[in-house]
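J.: I'd like to ask you about the structure that follows.
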Amino acid sequence: MSEAVRVPSPATPLVVAAPAPEERKGKESEREKLPPIVSAGAGATAGLDRGAKGQISTFSSFISAVSPKKEAAENRSSPAHLVFPNIKNVREPPPICLDVRQKQRTSMDASSSEMKAPVLPEPILPIQPKTVKDFQEDVEKVKSSGDWKAVHDFYLTTFDSFPELNAAFKKDATASFNTIEDSGINAKFVNAVYDTLLNTPQDVQKTVLKGIINSLLREWKGPRTKDDLRAYFILLQNPQFNNTSTYVIYAHLLRQIATLVEADHHFLVHWFKKLSQKRFKQLVERLLQFISLRLFPAKPEEFPPITKCSWWIPSAAKVLALLNTANNLVHPPLIPYTDFYNSTLDHIDLMEEYHTWQNFGNSHRFSFCQYPFVISVAAKKIIIQRDSEQQMINIARQSLVDKVSRRQRPDMNILFLNMKVRRTHLVSDSLDELTRKRADLKKKLKVTFVGEAGLDMGGLTKEWFLLLIRQIFHPDYGMFTYHKDSHCHWFSSFKCDNYSEFRLVGILMGLAVYNSITLDIRFPPCCYKKLLSPPIIPSDQNIPVGICNVTVDDLCQIMPELAHGLSELLSHEGNVEEDFYSTFQVFQEEFGIIKSYNLKPGGDKISVTNQNRKEYVQLYTDFLLNKSIYKQFAAFYYGFHSVCASNALMLLRPEEVEILVCGSPDLDMHALQRSTQYDGYAKTDLTIKYFWDVVLGFPLDLQKKLLHFTTGSDRVPVGGMADLNFKISKNETSTNCLPVAHTCFNQLCLPPYKSKKDLKQKLIIGISNSEGFGLE
């Protein structure tokens, strides 16, 4: 390992705030007891031990689920049709299932194509009864004749067994289709049959459900063939499972899929990723709905007692994990990762879920924390904050006990992280204070500016963050380079003797998360991926931190021009060696001096050719994003994790860490209007009406400037606009004056302008020229 990528020794200031080796070792041994955060490649049975696996005790109730007394329920609008709102503004790890939690997650791509599982001989299938065209013609005939017999007979035969399902929907009944890339299913035919099903008479729909019951009973035991997997794949898409009256059947289908072996899950995952976006999203929404209505049933009497079906939710969560992994294997994903959030979970006891997960070694109980992709970022923030609060309370309690045991008078200041800094020496004072008080980093933060009166009720803390961030990220400071093309900062590769200020930035980000402060920082997504590599500080100091697999796409988020050039090199159809005349040596300017670096031993003598260009691009990208800034980023990493040393970080995706630190880029000005408070104005006053007419009509860039002008950031906290506590105050000055913002209190002081035109003009001038005016 070269010097550039060596982990700093324990004697360096980088790890001064990290836990002691003995403490880390103890914590690491505790974390080994945690259940793995489930990926589709993992075992299928997590949490399924709540219910009996050897028998299907509730299948006897299947028939009652489709009996005539349920017809009214099937016809009316069911709670199962509600659509859960996605938490917007918010790729596990890709962030969750692919590469961020290396110890907990398994990429499906890492598995071999056949998983080395024995391929069972496929049974001889019945003769395929109809084609898509035949089925559609039968449906058309019904419109004129009203006779459903042909359609009824088709559904009766098709859903009677797994072989019949394959006979109906397999592209070629004689072909095996034992590959992960092609399920062999005629998707168009499946979609046509299911789209028609909900418009058929009730007796046809009951016939299908009874056929599924028979199929599941018949196929409950024994090894699975690929035809069995195809049948599960087809049945899972049945839209009848939107109705709560079918949930008993649906639950047993989910359990059979969840308990398949890993090799079978591997096939299903790759088949799922071939679904259309519409059908894929329907599967996800149906499963989320199933979990929500099992947790909070509109009519509890529709379901078996929870004690007899405690395996329902674990089974659904496991199948969701398969879909989540499939989604992460597609670039871009079929649906946004936020579509997997289940907002219903925001209303359960999240800390109980978290503690169950933490204590898994003792209880082996199911916890949603094993499936963090269904937990919204807002819910994860609650878990992190409450976990940190508990840590703060424990530290403060120990401090009080120590004081009392020494017969010293307790000082309430020991409950806080008290920062005393001079404005003229902001960075050095802050660094000194945080270094001296590294044991107090998890306490509530309070800031005092030396020589200034006033209590910190939140405003001074926010001002300290804003001033410090602006100073550290200023180009003249030299720690970070601002890339105009990508509008983001990246770590300077300049070598120095002390990287403690990078540790300070990491601590600031950690404190911001724990103290609910939104920072005006612009790092690329790659930064947060590195920050979770690994999500917990390793006990072995020799293990590199902040190193992750990077691609040209990651580089494009920082240096788009260079990334474009490397992409052209990869796609060049001519002779790369003659046309580009490059070697495995790169150059960087440091303080006006050009320095050369070999990407591999003897790189200056190795030409880039058509054969090795992929290696060159990978090494160059890795050099820029990992090796050349290793010491800087390691200091930053240790700083962040010295504050955020919590297992809760294992629940987060890189994008979610960014949202916790910087807020969401998606604005909802109507929500801001609803939550705004007024001082000196009423929301019915003419000036206020003018203000909102103007602001709601602003283009997005001006709305962001307004938010930045009034709050110090153009992003929204995790809790939404309401968490800003935005206030408009009446400024009793001349209407010739511009609006004034008290950034630390998210307050806008607005003169009583007499016309909308005047207000718009003054507001645009104010928000467009606020840089350099300083904080008020």
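Cβ coordinates are placed from backbone N, Cα and C, and glycine is handled just like the others.
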J.: Using Swiss-Prot as the reference, determine which range in 1-46, 369-414, 415-460, 553-598 is annotated region 'Disordered'.
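T.: Result: 1-46 is the stretch Swiss-Prot calls region 'Disordered'.
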J.: Taking the Cβ of Cys744 (active site, glycyl thioester intermediate) as the centre, count every other Cβ atom within 10 Å, in any protein chain shown.
T.: 20
J.: Within the domain 'HECT' (437-776) only, compute the mean pLDDT.
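T.: Mean per-residue confidence for the domain 'HECT' (437-776): 91 out of 100.
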